[in-house]
Amino acid sequence: MIFVSMTTRRRSRVSRGRRAEGACVSSARGCRGTMAAPRENVSLLFKLYCLAVMTLVAAAYTIALRYTRTSDRELYFSTTAVCITEVIKLLLSVGILAKETGSPGRFKASIRENVLGSPKELMKLSVPSLVYAVQNNMAFLALSNLDAAVYQVTYQLKIPCTALCTVLMLNRTLSKLQWISVFMLCGGVILVQWEPAQATKVVVEQNPLLGFGAVAIAVLCSGFAGVYFEKVLKSSDTSLWVRNIQMYLSGIVVTLVGVYLSDGAEIKEKGFFYGYTYYVWFVIFLASVGGLYTSVVVKYTDNIMKGFSAAAAIVLSTIASVMLFGLQITLTFALGTLLVCVSIYLYGLPRQDTTSIQQGETASKERVGGT
């Protein structure tokens, strides 16, 4: 992969920078958690490449997933697919870290120091996995107590929530035009995913208050978890792939618990890989590659750009579904697509260097409504 060689070159530059830190060389582990990560020269072209690949992979994943969940074959357990995805992402991250470190000795030392010998860091990276698990459960609870159309509208508040968390947790500012583009993106995604009211009739007794409360928690979890992971990535000079390994280890544990709680009895009867086909494995492959590129995008741009990429993927996958599954383009979809495109244009390209967080340098100056 292209980003493997590029991260390797950046690693060598970072290593030279570390050697210049005379005071920190003798106590590297003590300094890692407090000093800001060294600035890395990441080109705009590389950022756009990662965003483009992430968008295309996400769109392809949505189409392939729809096909596997609507085909006439035996339906596989989605919880096992999620678990296997976490395992593959872990293995890929281990392989990339081995290439990045350059030798078996340095690779073993990195694993020993940052994974096996750092239980606190593992606990720190388990937070996003646990929060995402809460988010998924709240989303299910919300769908059980709200009309699907209402859920679509309210759940998209995760986009401005992510922007707000970025400002509050990372001490970053957004211009008024960027805030407008964020809310425009939110509206565009709502219109793109809008379904007619007759397609979402209430067939069971629902509790709207409980549903709205669940949506609120899911929205907050979505914004917090993404920005929390970004903050952990950018607050130290620890390798991106080490951070991925730490997070995927906890992710595997969380997903295994989900497998047992959701489908444990049926899996015992039918088997872990029940219903798996080549298409299912292709979906898992796309999810794994997409997950790695997502972490790269978060590292070298931010969660807001990730949100714009996800919105573009929704538009692309819907257009592809029109050709593949016979869906019809509606006026709301066309208007939503226009809003998404305009919002991306207004927000601007990721030219700003956001690869690290400057601790305390600008915190007193920046405000939510800054320009």
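Quick reminder: no glycine exception, Cβ is built from N, Cα and C everywhere.
It should be emphasised that the depicted structure is a prediction, and the values quoted were computed from it without experimental measurement.
Look at TrEMBL and you will find 44-63, 75-98, 177-194, 209-229, 241-261, 273-296, 308-325, 331-349 tagged as transmembrane segment.
In terms of C-beta pairs under 8 Å, the stretch of 75-98, 209-229, 273-296, 308-325 lying closest in packing to the transmembrane segment (177-194) is 308-325. If you count C-beta pairs under 8 angstroms between the transmembrane segment (241-261) and each of 44-63, 75-98, 209-229, 308-325, 331-349, the highest count goes to 75-98. Between the transmembrane segment (44-63) and the transmembrane segment (209-229), fewer than three CB pairs separated by 6 or more residues in sequence fall under 8 Å, so the two stretches do not touch.
Between the transmembrane segment (75-98) and the transmembrane segment (273-296), the number of CB pairs under 8 angstroms, six or more residues apart, is three or more, so the stretches are in contact. Long-range contacts of the transmembrane segment (273-296) within the same chain: residues 3, 50, 53-54, 57-58, 60-61, 64-65, 67-68, 71, 73-77, 80-82, 84-85, 88-89, 92-93, 96, 229, 233, 240, 243-244, 266-267, 306, each at least 6 residues beyond the stretch ends and with a Cβ under 8 Å from a Cβ of the stretch.
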